[in-house]
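What follows is a single structure, written as structure tokens, with notes after it.
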């Protein structure tokens, strides 16, 4: 199986491709980044990210794509750019009918290092060991993308089997609204004729 990992970002979008199969060592195919200038319009930057990812999809022909899930950060502008670049990667994969795995940073760290609290240096070190590389891939965004690809290589097939085994949830439709019934008014007491006792 060949997986393209995408560490989304507007300034640097990390990309990493690995090959692997159950019981064999994963192999590096390619790693790098797509860069966009910080001063450019967001639309132009997203187009550059899309063009870069598209070129990688054409060149490396992955079987699946793994994208980092956006998590909450204090810097809203950073979160927005990351989310937008991630959405571009997901859309490009969907256009090619490629399965997409979404993983949080802690899921990726746990898959690669055994600890969801690992730092970037530990992730880079383990990616280097797992892929049998001579040095840590640079920049860190490329190493993170490779970690995403490795995470999907190991977890993706199991998650797909779980989804396939789970019974399909019935589609619930809202019940049609029924008009509220009014309870009948109690009848007014009969009036007695004047002078009746």
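Each Cβ is built from the backbone N, Cα and C atoms, and glycine gets one as well.
Remember, predicted model here, so these are calculated numbers, not experimental data.
According to Swiss-Prot:
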{"type": "ACT_SITE", "residues": "7", "note": "active site"}
{"type": "ACT_SITE", "residues": "68", "note": "active site"}
{"type": "ACT_SITE", "residues": "141", "note": "active site"}
{"type": "BINDING", "residues": "7, 141", "note": "Mg(2+) 1 binding site"}
{"type": "BINDING", "residues": "68", "note": "Mg(2+) 2 binding site"}
{"type": "COMPBIAS", "residues": "165-181", "note": "compositional bias 'Low complexity'"}
{"type": "COMPBIAS", "residues": "188-197", "note": "compositional bias 'Low complexity'"}
{"type": "REGION", "residues": "165-197", "note": "region 'Disordered'"}
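The two recorded residues, residue 141 (active site) and residue 68 (active site), show a Cα separation of 11 Å.
In the three-state DSSP assignment, the secondary structure recorded for residue 7 (active site) is strand. Across the fold, the C-alpha of residue 7 (active site) and the C-alpha of residue 68 (active site) stand 6 Å from each other.
A C-beta separation below 8 Å, combined with a sequence spacing of at least six in one chain, links residue 68 (active site) to 6, 7, 8, 82, 86, 102, 103, 104, 105, 108, 144, 148. With respect to Cβ neighbours within 10 Å, the active-site residues 7, 141 differ, and 141 shows the lowest count.
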